[in-house]
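Here the structure is laid out as structure tokens; the discussion comes afterwards.
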Amino acid sequence: MSAHKILTFVGLLAIASYVAYATDPTQLQDFCVGVNHPHDAVFVNGLLCKNPMDVTPEDFLFQGIDEPRSTNNRMGSNVTLVNASLLPGLNALGISVARVDYAPYGGLNAPHIHPRATEVLTVIEGTLFAGFVTSNIPNMGNKFFGRILKKGDVFVFPQGMIHFQFNIAKTPAVAISHLSSQNPGVITIGAATFGSKPPISVDVLSKAFQLNPKVVNYLQSRFQMGP
């Protein structure tokens, strides 16, 4: 094998290895309960670790995810994310969970992405229209995958894909999501684009979305108001 081919092979192997590990690292111990202070702690691949001798059952417990949350806001939805900051025992385990409440017809978990996690959504009650859009596909654009989901249905939103859920029933809806990161992150498309601080240039947005600058100004004023 020529030197050029060997270098090419090594380069591809390095790239493949990087992609394979571009996620939450596998934990190196049974658990690592998160703490917010360095006293008697060891830093690993997450928050500081609580001294194992001081760990209690409560470190692995979160209560109240069954309680309905208020949907009295402009989107008509409420996301309660349980991550390592609320459930310290999740630290370094690469997972988090969320409850999503939707107001009767029109409750919307607005289009957003999780930059660090795949999401598995289970409908607990109600009927939702949910879907996601793929990344740019050459000569095809962006493909949309959407389905009506009923109680007991499970739907997957791949990592980094724009996705949403919309309540199409006249009754409230509830879903539980599991995400493949202890810190999945969220970028709400509309709020990030038109509500950033400082704001993105009107010239940039009017060009990107092919909108009249007055429309962009209006949208920015709406999103600057907050949720």
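Every residue gets a Cβ built from N, Cα and C, even glycine.
Automated prediction, rather than curation, is the source of TrEMBL annotations.
The following features are taken from TrEMBL:
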| type | residues | note |
| --- | --- | --- |
| SIGNAL | 1-22 | signal peptide |
| DISULFID | CYS32-CYS49 | disulfide bond |
| DOMAIN | 63-217 | domain 'Cupin type-1' |
| BINDING | ASN109, HIS114, GLU119 | oxalate binding site |
| BINDING | HIS112, HIS114, GLU119, HIS163 | Mn(2+) binding site |
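Where TrEMBL records a feature, it is marked here on the structure.
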residue: CYS32; record: disulfide bond; CB count, 10 Å: 27
residue: CYS49; record: disulfide bond; CB count, 10 Å: 22
residue: ASN109; record: oxalate binding site; CB count, 10 Å: 25
residue: HIS112; record: Mn(2+) binding site; CB count, 10 Å: 18
residue: HIS114; record: oxalate binding site; CB count, 10 Å: 23
residue: GLU119; record: oxalate binding site; CB count, 10 Å: 22
residue: HIS163; record: Mn(2+) binding site; CB count, 10 Å: 22
Problem - By Cα-Cα distance, the member of recorded positions CYS32, CYS49, HIS163 nearest HIS114 (oxalate binding site) - result: HIS163
Completion exercise
Those recorded positions from CYS32, CYS49, HIS163 that fall inside 10 A of ASN109 (oxalate binding site) by CA distance are HIS163
Problem - Distance from GLU119 (oxalate binding site) back to HIS112 (Mn(2+) binding site), taken between C-alpha atoms, in Å - result: 12
Handout entry: CYS32 (disulfide bond) and GLU119 (oxalate binding site), distance between Cα atoms, whole Å
Key = 23
